[in-house]
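Below is one structure, written out as structure tokens; the observations come after it.
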Amino acid sequence: MDRDRLAQALLATFLEELEGHVVSLNRELLALERETVPARMAELVASLLRTLHSVKGAARAASATRVETACHRMEELLEQVRDAGAGTPDVYELCFTTVDALDDAGRRLAAREDLAGSPLESLLPQLERAVGRRAGAPAPTRAEPPPPPPPMLTDAVPAPASVEPHPSGGASPGAEALPVRVSAQKLDALLARSGELRVATLRLEGRADALESVREALAQAREAVLGTPGEQALLRAETELARVALELAADRRTLGGVATGLDDEVRRARTLSFEEGCEGLERAARDVARSLGRQVRLEIHGGALELDRSLLQGLREPLLHLVRNAVAHGLESPEERQRLDKPAEGRLLLTARLKGSRVEVTVDDDGRGLDLGALREQARARGLRVPDSDEEAARLVFLAGLSTATKVTQVAGRGVGLDVVRMHVEGLRGSVEVTTRPGQGTRFILDVPLTLSTLRVLLVSAGGQTLALASESVARLVRLAPDEVRDVEGRPAWASGDALVPLASLAEVLGLPPGPPRARRGAVVLAAGSARAVVVVDEVLAEQEALVRSLGHRVRRARHVSAAAVLPDGRLSLLLNPVSLVRAAGGRPAASLFPAPAAQRTRRRVVLADDSPTTRALEQSILESAGYEVVACVDGADAWERLQSGGADALVLDVEMPRMDGFALTEAVRASPRFSRLPVVLVTARGKPEDKARGLQAGASAYLVKSAFDPTSLLETLRRLL
């Protein structure tokens, strides 16, 4: 390797190490500043000295002489703290400033900038004076670092330097596995590739289902030519097609297992603990508190929870805003806290916990709580509606430009921060809520999805477009009739029991052409935190697994859209932002959603049984949108009771259900003189030929496989049977 390439390689290695060392230095300095036990202080100083020694050696190898000198001076300063048994606030502040300057120097060197005139260079004389002042004499010359290198070897363009060999130990070179550094960009690229492999697997599944349909059609064609010379030719073709279909299914399962395994491994490689993702927040809280004359201790609960790196990166900015805001707005001064019988030191608590497929992160402080009166006054001054409830008034903190600070400082009073929190969290397909107790503190609750790359989505149509909604944000599916819609202050709302839920047409919210009026409209009840809204759609299509892809910076700000969803067949669908839709609901006339009253028509009655609430709601929505009266049942036994008490024109059944499965219910229907001629459609995930044969043998009129299921096939089957 030539001289320049070696220098660049050494610099790259040094910068990678420096990033981690800066985190360690901040963490241990924070602990040292709080520590009062001498033995523990000595341990922390020893750890800091080891870290600084590592940085100093790496800086020497990379010819970053100013970094080397700063580390050397900070070592001397900490040695004096160790010998004295304590440090002063000024010394700790200088140490933190030095760590910040080292971090800045790393960024400058990565950008190929000279360190001349940098904060680090400006800090060196101050470090020299501090070391000499605490020692009572000029800094000892025996410990001086090596003299500066010749002009050609500068911090901006490092040259190679000799690296001292590590002393050999007794272990053989291959005794331990060496760590491998993989950049985040490479992991992101690998995850994208594994996602493409999953899409290919899903497409292959669709091809396998299509091939099975061709084989079934061929079997039906063979029945039409029984006893003719063409029968044997069709039989051979059907047999060969069945063999190919089986092999394709086996290959698909193998490929699916490989794709899933690769995806899982890459995701595990991308995970960090929640505590690692919170690095820097304690330092930020400490700096704000010091600038305002306050005391704070930040604690992290659930720090071992492993989360995707991209999710932690997305949460970092909102959490930083909330931590700074809590110290600046929430915590009282030590004197005021003592007058209120509180500890002089304020407490900030960050907690992460799993809630199903989502993560809940809370930020609690034990300060004064939100000034709801000031928030209402700010809202009134800006001509906004002033909420009566304290819960609604607390949410005013998320409005841009609103601040309750009495004066403008570097950290408060500009009305920015919490609106940014909401924007960032909603960009993660999440929501943020706030609760407050006067004199006791405030809690912010961030609710975000566990993964940002895959998602279960509900596909709906509106304005001629196929759109995707995250299934986790769907509270329920409903069919709306005109008498279920109320007009509340000029806005439509859905009457659900004793509650009125805001309602809007999805097509109108998105600016799409409205669908035709219908007697009953399909609608989706969306949940965003504690808020609810109903969006009316033209049709509910299906629920599928989808890959989530960014729309890019050019369309990232598209209204009500958060990402693109890659569907199993490779098509793209816009993934809508449920929080934005819930906020936009209301203010649109409901009359256009429904046709004018007409003569009552007789509707066919279908008994539907499926033990999956999501599947049951989806199929019920499909059937009701086609004009059927649907009796939804939780299992076969429930369906049998409802059938006997109220009758039906057809049954749509799942196979695997508790108490009585679909096969047993079909056999009971066929054995009943009253219902023996009733059409029975089995809709199940069991797609093996022997399962289908068993269903038809039990007496099913039709057998639909869920993997190849679409609303059209179910409706066409019912129309044919009825």
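Note: Cβ is positioned from N, Cα and C throughout, glycine not excepted.
Among the features that TrEMBL reports, compositional bias 'Low complexity' is placed at 133-142.
For 143-152, the entry in TrEMBL reads compositional bias 'Pro residues'.
What TrEMBL records for 3-112 is domain 'HPt'.
Positions annotated as domain 'Histidine kinase' by TrEMBL: 262-452.
The domain 'CheW-like' annotation in TrEMBL covers 454-587.
What TrEMBL records for 605-721 is domain 'Response regulatory'.
Of all Cβ atoms in the shown protein chains, 13 besides its own fall within 10 Å of the Cβ of His53 (phosphohistidine). As annotated by TrEMBL, phosphohistidine applies to His53.
Under the three-state DSSP scheme, Asp654 (4-aspartylphosphate) falls in the coil class. Counting only same-chain residues at least 6 apart in sequence, those with a Cβ under 8 Å from the Cβ of Asp654 (4-aspartylphosphate) are Ala609, Asp610, Asp611, Ser612, Thr615, Gly662, Leu682, Val683, Thr684. Annotation comment: TrEMBL describes Asp654 as 4-aspartylphosphate.
Positions annotated as region 'Disordered' by TrEMBL: 132-175.
Confidence across the domain 'CheW-like' (454-587), taken as the mean pLDDT and rounded to a whole number, stands at 81.
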